[in-house]
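Student: Pasting the feature list from TrEMBL:
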TRANSMEM  A:12-31  transmembrane segment
TRANSMEM  A:62-81  transmembrane segment
TRANSMEM  A:93-117  transmembrane segment
TRANSMEM  A:137-161  transmembrane segment
TRANSMEM  A:226-249  transmembrane segment
Amino acid sequence: MDWVFLSELAINGALTGLLYSLFAIGLVLVYKASSVPNLAQGGLTMVGAYVVLALARDLGMPLWLAIPLAAVVMFGLGFGIERVALRRLAGRPVVMILMLTLGLDIFLRGTTLAISGGTSRSMELGVSYEPLLLGDIFISRIHLVGAGVALALFVAFIVFFRTRTGIKLRAIADDYMASWSVGISVERGVGLSWALASVVAVAAGVIWGEIQGVDQALSLLLLKGLTVAVLGGLDSILGAIVAGIILGVIENVGAEFLDPLVGGGSRELIVAAVLILTVMIRPHGLFGRHDIERV
Amino acid sequence: MQEKAQGQSILSMNSIEVLYDNVMLAIKGVSVQVPKGGMVALLGSNGAGKSTTLKAISGLLKAERGHISRGEIKFDGTDITEMLAQKRVEMGICHVIEGRRVFEHLTPDENLTAAAPMGMSRSELSVQKDKIYDYFPRLAERRNSQAGYLSGGEQQMLAIGRALVTQPSLLMLDEPSLGLAPFLVAEIFGILQKINREEGLSVLLVEQNALAALEIVSEGYLIENGRVVMHGTAEALKSNSDIQEFYLGGGEGTNFHNVKHYSRRKRWLS
Amino acid sequence: MFYRLSGVYHSSLISDSRMFKVPADRNLAVFLLLIGLAAPFILPSLYLNSYILPWLIWTAAALGLNLVTGWAGQLHLGYAAVMAVGAYSAIHTVRLGVPWEIALIIGGLAASVIGSLFAFAALRVKGLYLALTTLAMQFVMDWVLTHSPTISGGSHSSLQAPTLALLGQQITSDAGYYYVALGWCVLVTIFMLNLKRTGLGRALVAVREKDFAAAILGVNSFYYKILAFAASSFIAGVSGALLVATFYFLAAPEQFSVNVSIQVLAMVIVGGLGSIIGSYFGVALILLVPGLVNGLVVTASEELGMQVNVETLAHIPNAVYGALIVIILMIEPLGLGKLYGNIRDYLMTWPFDQLRK
């Protein structure tokens, strides 16, 4: 057994995993604040990346300005999504809300591609492609940057959910009716959660866009993001981070051993298997809330 | 008398009609007055329209696809018939909904924080919290455990405490005694009376448990089939023979020889 | 006016449990069936085979999903994978020399067996978690399909379907394909119409509404969930096989990818959960309207002399498809079937209800 090789796999897996977490935080935010599955996060991530590109390339802004501005635009888009679509379905069965977010995802993807075309574009963040050497282990710089962003967001949101606004959002997720009864604006709360998820989508879009190019493949992160979110427990930010690392390591190390056996491409299989096993064995994930049932 | 009541009432609700889903007429012209600093009970059997009346006042009808199709509600002289639920809470109406729905995954402390108005300062909030813990010492003991695991009585106290954080001038409670042991009901009602006395908070109480309710309120309304069929002081209601028979379990007792008699007597209700 | 009724009043259980409770509905159904039978003589075969035929087969498939999602209330995001099982097993069976009739049934049964695996997820979780599990299972099936050349047909990952032959008759004409599709769709529709009237249908509805309450009533929700998945998977399998045999002619994994699963679910939900007529509308909307809009955009841009980017054109149908789902859910969350129901209920008593008021 080659330990250096194995730890390189594990470390790079963990870093990639943190990038999945970056995506999954968007799912968790919406679920934590409204108990609604956000299956449009793939579409949002794609839109986020395209908005950054549109501002930077087509309007010629520098990236340091384009990214925050894109975050502002997406913040508005998130509020808009709640205002236009979700508000009318508040309190409806989960099937319909699930379908609505899937429809949104398809719509966002289709519209973005209709406007910008399907050819892959590059983000060009200016992060060097030269790998970092840590002892004998090669580490990609952009992955390191992305992992840092994920951890920073993690800390920010942990703090946020302890503030009064954050507690109100968690209250909304618990009980819409009770929230209304004490004067919490459920609509604004849900809108805020989508707005924050859209801002997270910009971060994920920029980092992933730098890694694999800005095209429709960005929306395919949804399965991995979902797996991370479910494994962590759909409403736990800490869960999203830990589960991201776990999934990244399992995927990277597992693929190394499985690929030769099945002739390549076993990553998706591993991810799907983790998702199925999680739901079957521990549906509330590592840190998710157990639903309290009183009889 | 009506004129006089209007002058000093904090809430006046005039011939309100509520439609659910545009088809089901749940209440048909209910008028209720709550005097400033008074305690009023709405009595009636299941499905009579008591909860709907409260929801019409608090604005929670919209969440259940209901709306007020006629009449007007005035709170402190302001027309609130079309106002958003959230605005009404800001004005000082708070509704403790049926079934003590606390935020289960939050601690009692966080439950109180969640209900705090955005404008309330941190120090003000902690003063409010201390006051509530004073009223409900049981909550103070368990302020940092998960609310979902509190006992039924504690959850009801938390629900009331949570409503008090919004600093209401009218507190509406929907069946606070539901599923609680009699001594707990007495404890909670006692605390309500205390708050009413000390802070001048007006209370509108919906109860099945007419006996307990009539002990603490000053006047009551009897609602049947979406209409007010009787209104009077607590004393008058308690001594009314129909009320005794139908709601207080008094009178001749449940004698099935009187079934015919019962249906005849209840006719005034519809 | 249209229904000549002043309301639906049944005076016996028998009249209440008829398939068509209102005579006008039965007449309408017969009339539509006659049009369906006459369609090859009326419509040009281009329209018949590129629009009407897929519409019919997808409707049959959507009805199958409606059985499990609309009736039994189990979310299913892996339906296309089940269709793939049916399609591939049927084609491989025919290639072994088995007649199509038997191959279709084998395809359906194979799909039933695999589809019942999804039911085991449903026994453990429901709602969102079931949706995610079935989604993951879809990915696993996709992976198996693309990574096993023996199933998917070698290096090009495509499998030629042998010529369809039923009752000893080779079917090669456009009208022939159409009648096969029509027959299957009618069969499934009749099955679903009757399901409502049987104990099975009622048991499924009971499981959907509250599974443990159903259990108290003596409905074995375990058994009925598996039965619902098996029956719907059978319909999926045969529909998948017929889709390849009469429309694609060449089976490829992309035809049964996760996007297709989402599409079928969209058809069912946009049509209305539990609504049979709704599934017809839902499929028509999701399958045909995006293409129509695209056609309109092309014509409009030509009329106006504007140049529309080819790539833009390629992605417009997708944007329209997503927008349709969102818009219909916003207008009427219970779907097109409910909208139709509202209009029908209004017309049912019109103009007599005006007199009653």
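Glycine is no exception: its Cβ is also placed from the backbone N, Cα and C atoms.
Are these features on the surface or tucked inside, and what are their neighbours?
Tutor: Same-chain neighbours of the transmembrane segment (A:12-31): 37-38, 41, 44-45, 138-140, 143-144, 146-147, 149-151, 153-154, 157, 173, 193-194, 196-198, 200-201, 203-204, 207-208, 211, 221, 224-229, 232, 234-237, 239-241, 243-253, counting only residues six or more beyond its ends whose CB sits under 8 Å from a CB of the stretch.
Residues 40, 44, 47-48, 51-52, 55-56, 104, 125-126, 191-199, 201-203, 206 of the same chain, all 6+ positions outside the transmembrane segment (A:62-81), place their C-beta atoms under 8 angstroms from a C-beta of that stretch.
With a threshold of 8 Å between CB atoms, the same-chain residues lying at least 6 positions outside the transmembrane segment (A:137-161) that come near it are 4, 7-8, 11-12, 14-16, 18-19, 21-22, 25, 29, 32, 125, 127-131, 167, 169-170, 196, 200, 203, 207-208, 210-211, 237-238, 240-241, 244.
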Student: List, by number or range, the same-chain residues at least 6 past the transmembrane segment (A:226-249) whose CB is under 8 A from its CB atoms?
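Tutor: Counting only partners 6 or more residues beyond its ends, the transmembrane segment (A:226-249) has Cβ contacts under 8 Å with 9-10, 13-25, 27-29, 31-32, 37, 39, 150-151, 154, 157-158, 161, 173, 271-272, 274-275, 278-279, 283-289.
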